[in-house]
Every structure is written in C-alpha cells, then in structure tokens.
Amino acid sequence: MERKVNPLSLNHLRWVRIALKTVGGWPDHAIDGRPHKVQCFTLFVAIECAVIIVGEILFIKNHFQVVSFFILGDVYISMALSLVVLVIASVPFFERYGIIMREFLCHFHLIHFKFKGGYSEIIFEKINKISHYFTSFTVIFTMMAAICFNIPPIYNSYTRGAFKKNRSENITLQFSVYFELPGFKQEKHFIVAIILNFWLCYVCGFIICIMDLLLCLMVFQIIGHIQVLRHSLRNFPKPQIQTNLQEVSTGEKNEPRILIEVMQPFSSEENKCIENKIKECVDRHLFIVSFAEDMSQFFGPLLAVNYFYHLFGLSLLLVECMQGEEGAYTRYGPLTLITIGQLTLLSITFEIVASKSEKLNQ
C-alpha cells in the first residue's frame with residue numbers, strides 16, 4: 001500500500017510557504033487542485049510595486065539637480081529592486097507556475113521516494129538537512145537585512161529632530177526608500193513613510209530571496225534524484241561468476257593449475273529483474289529531465305532578470321558602502337552580502353547540476 005506524504009509537513013517548506021503567502025507568492029489554488037485564479041493580495045503587491053516605481057521615477061525627475069550622488073544611487077538601487085520585485089510578483093499570475101509547484105510538491109519531491117528505503121532514504125535525509133539549514137539561514141538573514149536597511153535612516157532622522165513636535169522645516173530627513181507621488185510627500189507624512197518603507201523592504205526582501213530559495217530547494221531535489229539514479233546504475237546486478245581450477249597442458253612438468261572465472265548467463269527470472277530495473281532507471285531519468293526542462297523554461301527569464309540586477313545593483317551597492325557616511329556599512333552591508341551570496345549560490349548550484357548530469361551521461 002502506497003503511503004501518502006505531504007512535503008509541506010517539513011519545517012523548511014512550511015517556512016517557505018508562510019513567507020511567500022505574506023507577499024502573495026504562494027499558489028494555494030494550484031496545490032489544492034482548484035482552478036487557477038489570481039488572489040487579490042497577489043494583485044495588490046504587483047500594483048503596489050508598479051506605483052512605487054512610478055514614485056521613484058518622479059523623485060528622480062523632481063530632485064535630480066538637488067540631491068547628492070549617493071542619494072540618487074540609493075534611489076537607483078531601490079528602483080532596480082522594485083523592477084525585480086514587479087517581475088517576480090507577476091509569476092503567480094501564470095498558470096504554469098502553479099502546475100510546476102504542484103508537480104514538485106505532489107510528485108517530484110524526494111519524500112515520495114524515501115519509503116523505498118536504502119539509498120533513497122539516505123539521500124532524502126541528507127537533502128532535507130541541507131535544505132533545512134539553508135532555509136533557516138536565508139530567512140533569518142533576509143529579515144536582518146530588511147531591518148538593517150531601515151534603521152540607519154530612522155536613527156539619522158531622529159538625531160536631527162524628526163520626531164519633535166515643533167520640527168524645523170530646514171532639517172534633512174532620510175528614508176530607506178525615496179519616492180514621491182502626487183499629493184504625497186514623505187517629509188510631510190514622516191511616520192506613514194517609515195511604516196510604508198518597512199513594509200516595502202519586507203516585501204522586496206522576501207519576494208526576491210524566498211523565491212530564489214524556492215528555486216534552490218527544487219534544484220537540491222533534482223541533485224538528489226540524480227544521485228539516486230547514479231547509485232542505481234553503479235549497483236546494477238551482475239552475472240554470477242563461477243570459479244574453477246583447471247589444468248592447461250603446456251607440455252611442461254609440474255604444470256600449475258590456473259584459476260578461471262566463468263560468467264554464468266542470467267536466468268529467465270534474472271533477465272526479467274534486469275529488464276524491470278532498466279525500465280525503472282529510464283523512467284526516472286525521463287522524470288528528472290522533464291521536470292528540469294519545465295523549470296528551466298519557466299524560471300529562465302526570472303534568472304536573467306536576477307543576473308541583470310546583480311550586475312547593475314552590486315556595482316552601486318559597493319559604491320554606497322564606500323561613501324564613508326555614518327551607518328553606510330550597517331545599511332548597505334547586509335544587502336551587499338545577500339546580493340553576492342545569491343549570485344554565488346545560484347551559479348554554484350546550477351554548476352553542480354550540470355556536473356552531476358555530465359557524470360550521469362558518462
């Protein structure tokens with residue numbers, strides 16, 4: 001009797017689900033088997049990103065000749081992140097995303113194969129442990145980065161008297177995200193702007209980092225399947241070997257006996273077993289290739305957008321870190337480390353998949 005298991009019972013996937021739900025990125029409709037529908041909150045996040053991008057463009061237009069180079073760089077970084085968030089926020093609108101997630105959770109995840117025992121269970125436990133620690137680190141570090149990005153501007157504004165009742169109009173206030181909309185200026189609605197900026201940083205951090213995390217977790221499962229398939233091919237049943245001692249006449253006295261190994265042909269039952277194992281390996285290989293192709297076709301453009309941000313955003317982040325202003329390292333340091341970490345991790349992860357696939361072909 002086949003056991004029914006739910007990958008969402010695993011702690012790290014439960015955390016991913018909760019995190020993506022808070023930013024409208026979890027496809028409940030597809031996983032529960034309901035028809036595809038766009039959730040209101042998902043639509044709200046996408047519209048919010050589009051509005052903030054417009055606000056950032058208006059800020060640059062109205063303050064280009066007034067603000068410093070570093071503030072403009074800050075706005076460019078925020079706008080680049082907003083564009084990435086807008087692209088990722090549009091992912092749940094595609095029905096294909098829900099189909100891939102359902103396939104991943106209901107069929108492809110290694111938890112569905114662990115009950116076969118042996119090497120499948122060993123690989124599942126190994127991949128599960130790696131995924132757990134990796135998810136914990138990503139979630140905690142993302143939250144810390146979002147907080148650190150907001151604290152220095154608030155502190156600098158506080159020291160300048162931003163929270164005083166009779167605040168001077170001549171002080172320069174700092175914000176983690178600079179934008180300007182018709183009828184809304186951040187300086188006149190300071191508290192509202194702070195709360196909104198915290199929310200924007202949370203959405204930005206979680207929708208980018210957790211979606212990348214989800215992609216990496218899928219790749220970890222692909223690596224696990226490849227490892228199991230390689231183990232199956234390496235430990236294929238071999239013919240029985242019969243060892244006999246035979247005398248070979250060479251015409252010499254005291255001829256030594258020669259040990260001869262003779263491979264016995266497979267029996268009909270063994271042939272049937274071999275046939276089933278070959279079929280199982282071929283089916284598993286096609287299963288892996290099919291899921292990997294679906295992933296690459298759908299998430300490929302998303303990765304291209306990510307790499308473009310890494311190229312553009314990382315350069316500006318390094319410049320912002322070197323400005324020497326108080327709190328610059330606290331604010332931009334974690335974000336820079338996350339960006340470098342994402343770039344490194346995605347590159348290494350997909351390189352490992354390519355390496356494992358090449359070894360499998362060999």
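Start at 1 and count along the chain as shown; that gives each residue its number.
Positions of Cβ are set from backbone N, Cα and C atoms, glycine also.
Note that TrEMBL annotation is computational and uncurated.
Feature annotation from TrEMBL assigns transmembrane segment to 40-60 (among others). With a cut-off of 8 Å between Cβ atoms, the residues of this chain six or more beyond the transmembrane segment (40-60) that come close are 23-25, 72, 75, 78-79, 82-83, 85-86, 89-90, 92-93, 177-181, 200, 203, 207.
Annotation source TrEMBL lists transmembrane segment at 66-94 (among others). Long-range contacts of the transmembrane segment (66-94) within its own chain (CB-CB distance under 8 A, at least 6 residues past either end) are made by residues 23-27, 38-39, 42, 45-46, 49-50, 52-53, 56-57, 59-60, 177-179, 203-204, 207-208, 211, 298, 302, 305-306, 309, 312-313, 316-317, 319-320, 323, 325.
According to TrEMBL, the transmembrane segment annotation covers 133-155 (among others).
With a cut-off of 8 Å between Cβ atoms, the residues of this chain six or more beyond the transmembrane segment (190-220) that come close are 12-13, 16, 19-20, 22-23, 25, 45, 48-49, 52, 81-82, 84-85, 88-89, 91, 104, 127, 130-131, 134-135, 138-139, 142-143, 145-146, 149-150, 154, 157, 162, 173, 175-177, 295, 299, 302-303, 306, 338, 342, 345-346, 349-350, 353. Taken from TrEMBL, the feature transmembrane segment applies to 190-220 (among others).
The feature transmembrane segment is assigned by TrEMBL to 298-319 (among others). Taking Cβ pairs closer than 8 Å, the transmembrane segment (298-319) reaches residues 70, 73, 76-77, 80-81, 83-84, 87-88, 91, 94, 96-97, 100, 208, 211-212, 215, 332, 335-336, 339-340, 342-343, 346 in its own chain, all 6 or more past its ends.
The feature transmembrane segment is assigned by TrEMBL to 331-354 (among others).
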